[in-house]
Each structure stands twice: as structure tokens, then as C-alpha cells.
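Student: As annotated in TrEMBL:
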type    : residues                                                                                     : note
BINDING : B:T93, B:S94, B:F121, B:P122, B:T123, B:D124, B:T163, B:D192, B:H195, B:Y217, B:W247, B:T273 : pyridoxal 5'-phosphate binding site
MOD_RES : B:K218                                                                                       : N6-(pyridoxal phosphate)lysine
There are 2 protein chains.
Amino acid sequence: MTPEALDAADVLAPFRQRFTLPAETIYLDGNSLGALPRDTAARMAEAVRSEWGEGLIRSWNDAGWVDAPGRIGDKIARLIGAGPGEVIACDSTSVNVFKALTGALSLAPERRVILSERGNFPTDVYMMQGIAALGGGQVEARLVEPGALEDAIDQTVAVVLVTQVHYKTGRVRDMAGLTRRAHEAGATIVWDLSHSAGAIPVDLAGAGPDFAVGCGYKYLNGGPGAPAFLYVARRHQNRVMPALSGWFGHADPFAFDDTYRPAEGVGRFLVGTPSVLGLAALEVGVDLFLEADMATVRAKSLSLSGLFIERMAPLCAGHGFRLASPENPAERGSQVSYSHPEGYAIMRALIARGVIGDFRAPDIVRFGFTPLYTSHADVAAAVAVLAEVMETGAWDRPEYRSRAAVT
Amino acid sequence: MTPEALDAADVLAPFRQRFTLPAETIYLDGNSLGALPRDTAARMAEAVRSEWGEGLIRSWNDAGWVDAPGRIGDKIARLIGAGPGEVIACDSTSVNVFKALTGALSLAPERRVILSERGNFPTDVYMMQGIAALGGGQVEARLVEPGALEDAIDQTVAVVLVTQVHYKTGRVRDMAGLTRRAHEAGATIVWDLSHSAGAIPVDLAGAGPDFAVGCGYKYLNGGPGAPAFLYVARRHQNRVMPALSGWFGHADPFAFDDTYRPAEGVGRFLVGTPSVLGLAALEVGVDLFLEADMATVRAKSLSLSGLFIERMAPLCAGHGFRLASPENPAERGSQVSYSHPEGYAIMRALIARGVIGDFRAPDIVRFGFTPLYTSHADVAAAVAVLAEVMETGAWDRPEYRSRAAVT
């Protein structure tokens, strides 16, 4: 089928009108920062002018601010196969990794190894290393090659930290299988769902892991630096004493007593005062996503990425691109990456022409496919622009090689 | 002088027009949630529609998102007597307390006591207790009576955690003296400036403490749940390995390497992706504050709180209020508190009449004075409403006694 025919048959196509996208741009970076939902600006204006400006302190109760982390957490739970009361929206993914790992360590005091894979998303690895340094040699942050991860789960491992969809390659890990493997070895497991939530169907209830974390600003379209989320399996919630024991996780924060006593349930993993404005934007993105059927989103995602790979074949043959993502759709998240030695300059040239993907060092160009606002026509057009950039050599200019940009 | 005469002579009076305040309301709770600056709504709309919606991922560079924590930190530094490169705006106050305390502990590995006072703001105390639990008995969270704090700084104490302006009483601690005392005993000191920044002149450079934390949503008018701030004295910055070692604190976050290597300077204390929307609102509040002269703000604050205490005298004599704040202006922050056994119901009745203060368990009614948007006429009118509530017994109704509200 042609891209146009695929788009004509696309039941998700009406969602595109629910986003505000810049003109003359093909945005294939929603896996890094999701697009702006059309309703967000009005919701933010309401949160600022009415709730904050008029309601002032009263809005903690009257506008539901105090319930926002749990309320939005419950909504995210529906996107990742978790139950009500198992997810909260708060803090950053990194901080939530810290909570999950220290929580997992506390569940297995006789084991002291945090295990992950080399090339995992850096903040996951760095947070492990910080915990190890904090533990003064009591805790070991152990990294193994990705292919060796499963076999490395031995009796010394307290917790495995693994990302379901790899940020560079988009490769999907088998959540159920690796969780089973960890549990068989007496370890717990923390899944990073930053590139999963809203990207692929996730079944936490079915897979049964112990903790999970993820990002609000990617596929959930929660806005730049949106609050992240934390999942704690119900069976663990009241067994874990939070290491980041802030007042919002206290059983009775407004009793102002001198002894930390954690709230029942996942709420104990809140720390400081929630980011109300960030949560307001996040909720719009999550609400919008909940209108879509995740199986339909997944089908369209694979249709988009499949078309992209098909159209990229001549550029692989003639211009040195090498597919860095799985060809098998079942193993692929909602992104496709290629390695190319001139990837940095090529991506700058593409962005200058309104096709926005991103670059990940040392040589990966990365394209995200967000079915709510990306069409098959976008995909075909993006490859056509890239083909022109390669055929004309337009990428080979000093301003594209200059490394000033950070993302 | 009459309140009207005081207001007529008030050089800060024009600032009131820079805020959006609800009609028929006297807001004396800016010490809990600051009012909405008039420019914030437009700035938020720009951040949402233009920077996020149009700029998308490009705005990390083009709109200065990546620099926001340091840029806003430098602005806050000017309000608290710190230098450029010593403050970052990020995370919550609680999370920043964790960073400061773990940093301080790492500077004195042979000492293991975190010392604070009973009745300090709960999240400070709770974060201490979480660190002690995390340390598995290696670290002790020690609380002493407020009057005993100074003498309790002995050779076992690694770090003192103390709040400059007490959240209940508004009493101001001697920052220079207590810092000197801690240093003489070989300890470091962390100051919580949540009720100081924007409330009283703060001189970090003069007092020379090691760390400080504070709040963006109170006197700085940064919005509900605004990012907090962290000060790390320059002499310590590169000596402390952050315990919350996230990718935004890495020397080269976009190298995506497998080993945490902290950035030089205070930037290493960033953790996850910054809350861009929260920072945008915070910056408006901080920019507005920087237009005012802090000595003038302090003089008006004391004029407001002095007038309040003067007008409250008959209510103390006749209706059971007891001043819980220092009478001596030099010892007082920018709030005045009274204890009253029926404080909860009295405050509900006041709020129902448009005079907004707050209640802090078990018996404190608390009134904050924010010189940028509060007038002497407001103060006089607030006391008049309270007098009427007491004289008519209007507070003594079931709906005011019902403990449904949380803040």
C-alpha cells in the first residue's frame, strides 16, 4: 500500500488534530520530547490563572493538587498494565531509579549487587554507581555485556536494573522472561519503561516485576522535564522504608511530628512538595493517550517503522547507513536507529530541513514514531529529504559538523 | 502613623500591581504559597506554545532550557548573598536536603552524626532519618531541644542541619554564629532557607556555611511545587561526589558513557532532566524579586508584622491568643504566629471571610507578610476581621472544626 492509502485507513489519524505541531516540520523525535497536546495550553492557563492565581493555597484541596501524583499515577498505570494504587507521578526518572534501587536493596539485605548492562541508559547506570559509592563498598554496581545479563543473575545479585526498550537501538527486552529469571535467582528487578510507556503494550501485572520507572515527557507528551513515574508492586509497598523519606510520603504530613512514619501504599514514595504545574501538563498528555487503544497504537507504530526501514534500504545500500534496530518487528520499540560515521552532521542537516530526529553518540541517528501524530506520509517524506541530503552531499558543511548542540 | 499613611509612604507599593490577586481576599499565606506574578501567565504560555509546541526538542538549546537550573540559580544567589556558580534551581527542597546531607557526610567520613533540633520542619528531620536508615546504623540522626543545639555540636557531629527562620514561630537563627560554632567543632552545616529567601536578608558569603537549601514557591513566588534550590559553597563543590548521580550532573551527559564522572562545579548536583515548565514559572518570580531592594523589603516586612502584633494586642488580652513569634523584630522572619487552642476552627472561619493565613498543628495560626503585595491596610483589615470572628463567636461552628483540609 502507498503511504497515502495507509493513512486513509488509519483509525488513529484524527488524533493528529489534537496536537499542535509546527508547520513545515516532520517531527520524529517524540521519543525524546513528545509533542504539545492541543489542550495543554488552556489547561496550563487554568492551573496558573485560576488555581494558583485565584485559589492560591486553597487549591491544594479545592483543585486536587494534593491528589495529583496518585491520580495521574493511576492513569499511567492503565497504560502499563498496573493496578490502581501501584503508580505515582513524581520527581525525575533518575530520582525514581534511586528510590526503586534502594528499596530493592532493602528487601535483600544479605545481597549487595546491583546488576545492569553496559550501554543501558546512562542515568540508570550512574544512579547505580552513586548508590554504590554511598554504600562505601557495601554495594556493588555491576555491569555486564547485554548478551550476558541473564546468565549474570546469580545468588549475589540483589536487584537487576534493565530497560525494556533500549534508548539507542529500540530493542525490546523480554519483560516476563527476564523477570522470571531474576525471581528464580532470588533477585528483584527494576524495569525502566522510559521508552515503553505509550510506545508499546506493557503488562506489569502479567510479568510481575518488583519496581518500574519511566518518563512523562516522551511518548506520554507531558512536556519538557515532566514529572516521571514510579511503580512499586503492591506486595512490596508496605515492606519498603523509603530512603528519600520526605514529608509528602509521611502518613500524616500535616501532623508535623518529629518522626518519619511512611504512608501506607505507593504514596510513601513521594518526597517533597509535588510539581503542580508539571503535573497539570502531564495529566493532559496522559488523558489524551488514554483515549487511544494501545493495540492499535502498536500496530500503527510497526506500520510506520516498517515503512521507514523499507524506504531506507537504498540509503543503506548506497550511503553507508547500517540498521541498528531489530528488523524483527516483535523485537522493536517505537523507534528506528541507524549507525553512520557522519551521523552527527547528517542529523544537523536533516533538522535544518525540518526533519527532526536526533543523534546519539558515537554514531547513531535515531527516529521515533509516535502514532498519535505521525503519518505514513511523514515517514515517506522524511526519507525523501534524507535521500536528497545524502545524494547532494548537503550534510558535509562545517556548520553541521560543529558540536554546539546538546540534545 | 495610620496604615494609610504607612502605605502612602511605601516605596514598594507599586509592586502590588505586578501580581494577580483575587478580589475580596487578604492573602497572608505567601510564606506557604506565594502569589501569582502578573507576568507568569504570559511566560508560561510562551514556554508551552512557542518553546515546547513550536521549538520542540530544539528548545533545549535554542530556548535555554539546558541552562535554566544554573541561570536561575545564579539569580537566586543574588537574593541570598551567594556568588555565581554556587546555586542551582532543581528538584524539591527535600531532595536537595538529601544531597546536602549526604555530601556533608562524605566530607567527614570519620564522623557519623547528623544533628538537628526537635520541631525543625518535618521534611528536614525525615530526610535525616531516611539517611540514617539507609546507612544501616552507620549514621545517626540526632535531635535535640532547640535551646540545646549549639552545645550539642561535639566531635561526633558530621553535619548540623538547621532552619534559619522557623516555619512555625518565625524565629530567626544566628547564621553566622551557629556556622562558626559548627566549624569550630569540625562539623559542617546545612541551612534550610525555605522561610528566608525573599523574606529576610541572607548573607551566605559572610556567614560561610557549607550547604543551603530552600524553596521556590514561598516568598520567591515561583508557583505551586516550584523547583527548589541548592547552594554548595564553592570550596566543597568539586570535593563532593553526589549521591544522586544522575545524567544531568555528568561532565558530558551526551557522551552517554558507562561511568559517572561529575561535572565541575555546582552543576554536578543536578540529577534528572530539569522541570522546564516549573523553572519557567520560577524564573518570573525570581526576576520580579530582583527588582526590589532587599533592605527595603525587610524594613516593610517588619513594619507590617509590627503593625499586626500591635493590633492583635487586644485579642491576646481578651480572646486567648498567645504570641508564638519573637516580639523583638531582629529575631523575627516575615511571619507572625499565635497559639490558640481553637486555632484550627478560627483559621477556617477567617479563610471563609477572605482572610487567608494557615494553621500548623497543634495550635498555631500563622500569618505571612509579603512586602511586595501586602499593604498595611491589609494587615489592619485582617485583624479587624479576626476581631469580629472572635467577638461574635463565629468560629465556633461544626464546619470550621471539621478536619478535611490538608494545608
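One is the number of the first residue shown, and numbering goes on along the chain from there.
Glycine is no exception: its Cβ is also placed from the backbone N, Cα and C atoms.
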Student: Which state, by DSSP, holds B:T163 (pyridoxal 5'-phosphate binding site): helix, strand or coil?
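Tutor: In three-state terms, B:T163 (pyridoxal 5'-phosphate binding site) counts as strand.
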Student: Of the binding-site residues B:T93, B:F121, B:T163, B:H195, B:W247, which sits closest to the residue listed as 'N6-(pyridoxal phosphate)lysine' by Cα distance?
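Tutor: For the residue listed as 'N6-(pyridoxal phosphate)lysine', the closest Cα among B:T93, B:F121, B:T163, B:H195, B:W247 is found at B:H195.
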Student: Sorted by position, what residues of the same chain at least six away from B:H195 (pyridoxal 5'-phosphate binding site) have a C-beta under 8 A from it?
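Tutor: Listed in sequence order, they are B:N31, B:T163, B:Q164, B:V165, B:H166, B:Y167, B:G170, B:C215, B:K218, B:Y219, B:G333, B:S334, B:Q335.
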Student: Please give me the CB contact count at 10 A for B:T163 (pyridoxal 5'-phosphate binding site), counting all chains in the structure.
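Tutor: B:T163 (pyridoxal 5'-phosphate binding site) is surrounded by 24 other Cβ atoms within 10 Å.
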Student: For chain A, give the subset of the binding-site residues B:T123, B:H195, B:W247 whose C-beta is less than 8 angstroms from one of that chain's C-beta atoms, in sequence order, otherwise 'none'.
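Tutor: Listed in sequence order, the binding-site residues near chain A are B:T123, B:W247.
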Student: Tell me whether B:H195 (pyridoxal 5'-phosphate binding site) sits in a helix, a strand or coil according to DSSP.
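Tutor: The three-state answer is coil.
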Student: What three-state secondary structure does DSSP assign to B:F121 (pyridoxal 5'-phosphate binding site)?
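Tutor: Where B:F121 (pyridoxal 5'-phosphate binding site) sits, the three-state DSSP reduction gives coil.
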Student: Fewest other CB within 10 angstroms, which one of the recorded positions B:T123, B:K218, B:W247?
Tutor: B:W247
Student: Please name the residue among the binding-site residues B:T93, B:F121 whose C-beta has the most neighbouring C-beta atoms within 10 angstroms.
Tutor: B:T93
Student: How many Å separate the two farthest-apart Cα atoms among the pyridoxal 5'-phosphate-binding residues B:T93, B:S94, B:F121, B:P122, B:T123, B:D124, B:T163, B:D192, B:H195, B:Y217, B:W247, B:T273?
Tutor: 30
